[in-house]
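Here is what TrEMBL records for this protein:
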TRANSMEM  20-42  transmembrane segment
TRANSMEM  62-84  transmembrane segment
TRANSMEM  91-115  transmembrane segment
DISULFID  CYS153-CYS186  disulfide bond
DISULFID  CYS154-CYS170  disulfide bond
TRANSMEM  233-254  transmembrane segment
Amino acid sequence: MHYYRYSNAEVSCWYKYLLFSYNIVFWLAGVAFLAAGLWAWSEKGVLSDLTKVTGLHGLDPVVLVLVVGIVMFTLGFAGCVGALRENICLLKFFCGTIVFIFLLEMAVAAMAFLFQDWVRDRVKEFFENNIKSYRDDIDLQNIIDSLQRINHCCGAQGPEDWDFNIYFDCKSESKSREKCGVPFSCCIPDPAQKVVNTQCGYDIRKKSKSQWDDQIFVKGCIHALEAWLPRNIYIVAGVFIAISLLQIFGIFLARTLISDIEAVKASNAF
């Protein structure tokens with residue numbers, strides 16, 4: 001976007017400070033994410049032994065928080081300083097990164113729609129890998145428990161997926177008390193119980209499958225999420241559109257400010 005300006009051209013303060021305000025929110029959010037991630041790592045002792053990150057076979061949720069924090073902090077900083085200092089390089093970096101993220105989101109959405117079987121297999125593989133690491137990371141454990149409890153599901157495709165975890169594996173030689181069981185988040189809650197029974201899943205898979213229905217959720221979480229998506233398609237679409245509009249607005253502000261700065265420099269050259 002380029003404008004033709006007269007000799008008295010000047011950078012619009014409106015776009016300049018609107019872009020600054022837009023980015024200060026990103027920068028502060030990035031600081032908050034980074035602070036939360038580093039605090040979580042310090043609580044788990046990762047900061048004193050970084051090998052714990054590579055030793056985890058599943059996903060450490062804190063890594064995701066830190067990556068999001070770094071991206072938001074970097075973009076917010078580039079946008080804020082670029083707007084205040086009228087620095088074209090920083091503004092182009094900010095704008096280009098937002099465009100890249102926007103296109104990446106479009107590509108992921110298209111792949112999820114066009115290659116549903118491939119995506120389903122990757123999600124299944126991802127979930128199974130995290131089941132293996134269920135007892136290795138408390139944050140991962142809490143996320144899996146929340147997912148199973150909220151969606152009334154158990155395992156990726158069913159309770160038998162918990163054989164992927166050494167502590168719950170029925171065929172394992174481990175003497176774990178949880179052997180041939182499932183986590184408590186797989187259990188059907190008893191309204192009469194005010195205290196969560198964390199041992200409700202012990203030995204449940206030693207019983208016949210006909211007895212499972214009354215005690216645990218037998219539906220896999222992949223099937224539960226596939227059923228959840230059509231019921232909440234308008235919410236998902238609304239969130240996606242809102243994020244896209246915010247990104248487009250940021251790109252518009254950055255490109256407009258860049259055009260203003262270039263027009264002023266061009267008018268001053270004559």
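Glycine is no exception: its Cβ is also placed from the backbone N, Cα and C atoms.
Curation does not apply to TrEMBL; its annotations are automatic.
Worth saying up front: this structure is predicted, and the values here are computed from it rather than measured.
Looking at CYS153, CYS154, CYS170, CYS186, the disulfide-bonded residues in this record, the fewest other C-beta atoms within 10 angstroms of the C-beta turn up around CYS170. Of the ranges 20-42, 62-84, 91-115, the one with the most Cβ pairs under 8 Å to the transmembrane segment (233-254) is 91-115.
CYS170 (disulfide bond) sits 20 Å from CYS153 (disulfide bond), taking the C-alpha atoms as the reference points. Here the Cα atom of CYS154 (disulfide bond) is found 5 Å from that of CYS186 (disulfide bond).
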